[in-house]
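See below for the structure under consideration.
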Amino acid sequence: MLATRRLLGWSLPARVSVRFSGDTTAPKKTSFGSLKDEDRIFTNLYGRHDWRLKGSLSRGDWYKTKEILLKGPDWILGEIKTSGLRGRGGAGFPTGLKWSFMNKPSDGRPKYLVVNADEGEPGTCKDREILRHDPHKLLEGCLVGGRAMGARAAYIYIRGEFYNEASNLQVAIREAYEAGLIGKNACGSGYDFDVFVVRGAGAYICGEETALIESIEGKQGKPRLKPPFPADVGVFGCPTTVANVETVAVSPTICRRGGTWFAGFGRERNSGTKLFNISGHVNHPCTVEEEMSVPLKELIEKHAGGVTGGWDNLLAVIPGGSSTPLIPKSVCETVLMDFDALVQAQTGLGTAAVIVMDRSTDIVKAIARLIEFYKHESCGQCTPCREGVDWMNKVMARFVRGDARPAEIDSLWEISKQIEGHTICALGDGAAWPVQGLIRHFRPELEERMQRFAQQHQARQAAS
């Protein structure tokens, strides 16, 4: 998802201290993965059970929600901070800290929670599984998150193409209202909280939080300059927090089972469980919930049935959705699937959408296709993105044929660096990073293709 992010280097405001899950005296874990069924938060990920209210209640949703609400915002925020939960939409920003930005003295304006369900990142399909098969878990998360930040209502902005998901969500909202779980005096807690659904229109750019807010307000989905940040001036000019579907949906379970329980999974600063999408050249593509910091190789071999043709047939993996740089097989052997480990590997966790490519893949053509996507989805507001991504798209089309000179590889790298970090939102970064990953790890393939094209061109000239 096009997040509110700079994936490879987010920073915190000055004088803000963050407590991550690893700030304890407990012995550090050294192995990760093999999540037990009793520790899974999403128990209907594959839609094998009833997704309506009756089925959700039987699986533990809405259990003692009233007690959670009555404990108040400070307690909820404390548990979220203790858990070490970081944003699951790509940014990886500490959720407890982000939600606490809303807890300022009221100036009379209502506060809102906006849930980003505009899942448009190629390769990513985790949030739609929650919307389709566990909508009540999301609604309960909206209520708990809204209580934590004193929000009056939640707006769930759902991708326009998600027709069935939106339909299920609307049914779940109606059930929750009829049961008194949301609305006036939600769960009998004395807290009033409404939930509204807003349908998108198929624009990838609206996955960026301020473009999403613009779209909710009925305007063109174009990112806003920041500051002011949404926590000060968001939807309808009111304080707003924009959060990912998965981030919101796990919050009630964290409050019920305790932040310390959630922090017990994964490495320091990378705690909890996570939904991973595994697609591409694997035997059994799937969406699976696993422990953070699970080895990438184990994730593919255990849950997706392995790479087609065996592990030795692996060429490269895009580990976090199309906007994250690819990594070759040599890196995939040992890398862990969490924020910090993938940053060290010069890529990112992103949305944890693992795209596997075997040796049959034309890696240059694959990356060129991604650049074409970003060129198509650019809103055109920023010159580096509008002009730079269009230029990269044209150059990559020539690179696919080999119709270029080796010196142009360096020019492409330089242009990608000029786009990165010089745009209002992160779409420019998302277009630049796949190119950088390709050049970093597959430059010899580019040069060989150019050499082959030049030889064929010379042969044709000689023949004529």
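Note that Cβ sites are derived from N, Cα and C of the backbone, with glycine treated the same way.
What Swiss-Prot lists as transit peptide is 1-20, and the listing cites sequence analysis. Sequence annotations record features per position, and here Swiss-Prot assigns N6-succinyllysine to LYS81 based on similarity to another entry. What Swiss-Prot records for LYS81, LYS104, LYS375 is N6-acetyllysine, and it gives similarity to another entry as the kind of evidence. For GLY87, ARG88, GLY89, GLY90, ALA91, GLY92, PHE93, PRO94, THR95, GLY96, the entry in Swiss-Prot reads NADH binding site. Here Swiss-Prot flags 199-247 as FMN binding site, drawing on similarity to another entry. The omega-N-methylarginine annotation in Swiss-Prot covers ARG257. Sequence annotations record features per position, and here Swiss-Prot assigns [4Fe-4S] cluster binding site to CYS379, CYS382, CYS385, CYS425.
Taking every protein chain shown into account, LYS81, LYS104, ARG199 are the recorded positions, and of these the Cβ with the most other Cβ atoms within 10 Å belongs to LYS81. Comparing the binding-site residues ALA91, CYS379 by how many other C-beta atoms lie within 10 angstroms of each C-beta, the top residue is ALA91.
Here ILE213 (FMN binding site) is compared against the recorded positions GLY89, PHE93, LYS104, LYS375, and the shortest C-alpha distance is to GLY89. Taking CA atoms as the reference points, GLN220 (FMN binding site) and CYS382 ([4Fe-4S] cluster binding site) are 15 Å apart.
Separation of the C-alpha atoms of GLY234 (FMN binding site) and CYS385 ([4Fe-4S] cluster binding site): 24 Å, rounded to the nearest whole number.
Between the listed binding-site residues, namely CYS206, ILE213, CYS382, CYS385, CYS425, the fewest other CB atoms within 10 angstroms of a CB are found at CYS382. Cα spacing between THR241 (FMN binding site) and CYS379 ([4Fe-4S] cluster binding site): 23 Å, rounded to the nearest whole number. Within 10 Å of the C-beta of LYS375 (N6-acetyllysine) we count 19 further C-beta atoms, all protein chains included. Ranking the recorded positions LYS81, CYS206, PRO227 by the distance of their Cα atoms from the Cα of GLY89 (NADH binding site) places CYS206 first. For CYS385 ([4Fe-4S] cluster binding site), the nearest of the recorded positions LYS81, GLY87, PHE93, PRO227, ARG257 in terms of C-alpha separation is PRO227. Of the listed binding-site residues, namely GLY87, GLY89, PRO227, GLY234, the sparsest CB environment within 10 A is found at PRO227. The Cα of THR95 (NADH binding site) lies closest to that of LYS81, out of the recorded positions LYS81, ARG199, LYS375, CYS382, CYS425. For CYS379 ([4Fe-4S] cluster binding site), the nearest of the binding-site residues GLY87, PHE93, PRO227 in terms of C-alpha separation is PRO227.
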